[in-house]
Amino acid sequence: MSFRGVENVIVGNLRTLMDAGPLEKLVGKEISPNGDKLAVYSGPRESTITIRSYANELDCRELESEWANTMGNGCKTVTLPAIKRGNQLNVYYVTSDERLTEYDIDGKVVDVRSEFQHIEIVHSKTFGNMLVLDGLPNLALSDLVYTESIMCRGKEDFKGKEILILRGGDGALLNELRKEDPKKVIMVEIDDMVMQACKTYLRSVCGDSLDNYQGDNYQVCFINGDYCRGLHCHMEKWKAEGKTFDYVISDLTDISITKKPSGGIWDFIVKIIDMSFSVLSPNGKYLTHATGSSNDGALKCFDYILETQLDRPVTFTKTNAFVPSFLEDWVFYQIELKKV
């Protein structure tokens with residue numbers, strides 16, 4: 001196919017994808033004796049579209065060698081793959097310390113917006129179906145290690161224990177804890193649409209735990225509106241009844257990437273931890289996840305908050321695990337009251 005033919009196909013496809021009218025051609029010319037051609041178009045919203053053809057294929061290794069010969073061996077070049085733009089499927093997400101990662105996503109099975117968040121379940125060739133909330137990967141079929149790490153499986157004994165889960169709408173924690181023969185597990189969620197999506201498309205993660213929201217030894221409670229306020233109401237009721245928990249497992253939001261330990265997410269996290277210890281038994285534990293191990297500034301802030309900002313003095317330990325679909329090493333915290 002000639003350059004003009006290729007150009008027409010590309011422009012036609014772009015007009016369809018961008019739902020645009022005719023694109024204005026600004027430049028169309030041959031730019032080298034070898035026959036290299038260039039076309040530049042003006043697109044919608046002040047965009048610029050450049051189409052370039054090469055009469056001979058690019059040989060990056062040869063080009064690197066020529067640069068080295070011309071500029072000296074001190075010149076180092078790296079060949080990187082191109083950013084994929086204009087795809088119907090987003091394949092890019094960021095790590096906890098804001099590095100760009102590319103996934104092998106080849107499909108999407110859920111794309112809805114609830115009252116609270118944007119819910120997607122996409123399919124990765126490597127990780128299987130993956131839950132994405134507000135643009136952040138949350139859990140994939142490959143990520144049992146995340147669930148086992150946050151609950152400290154093999155280190156904590158849940159048999160006959162009372163356990164409170166904060167969020168956990170993918171059902172993974174509830175499903176794995178039910179296998180540990182607890183006395184009772186209560187999960188406090190806010191978004192039923194997440195649970196409905198996960199019980200169908202993350203079935204191997206949640207099992208049958210989301211088919212019914214109450215069973216012999218578990219119960220799912222829903223909060224309408226503000227999660228912090230609703231959780232406070234539940235906890236006040238439990239305290240009035242004299243009910244305590246042996247474990248509170250928080251699967252809430254990642255800690256903030258900011259390096260100042262106050263405001264926003266930090267204030268929310270402090271409230272949640274303080275409320276949790278108000279219903280924990282004296283020997284109870286608060287288990288949670290934090291962020292990636294490379295996000296060291298945020299981890300230092302979290303340590304500082306645990307050491308200085310809570311209503312009750314606590315001690316804590318940390319563990320790490322590589323979570324496949326996160327593409328990074330993740331940090332988990334085990335927190336308990338400081339013994340007097």
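Placement of Cβ uses the backbone N, Cα and C atoms for every residue, glycine included.
These features come from TrEMBL:
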DOMAIN    90-338  domain 'PABS'
ACT_SITE  Asp251  active site, proton acceptor
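Around the Cβ of the residue listed as 'active site, proton acceptor', the number of neighbouring Cβ atoms within 10 Å comes to 24. On the 0 to 100 pLDDT scale, the model's mean across the domain 'PABS' (90-338) is 95.
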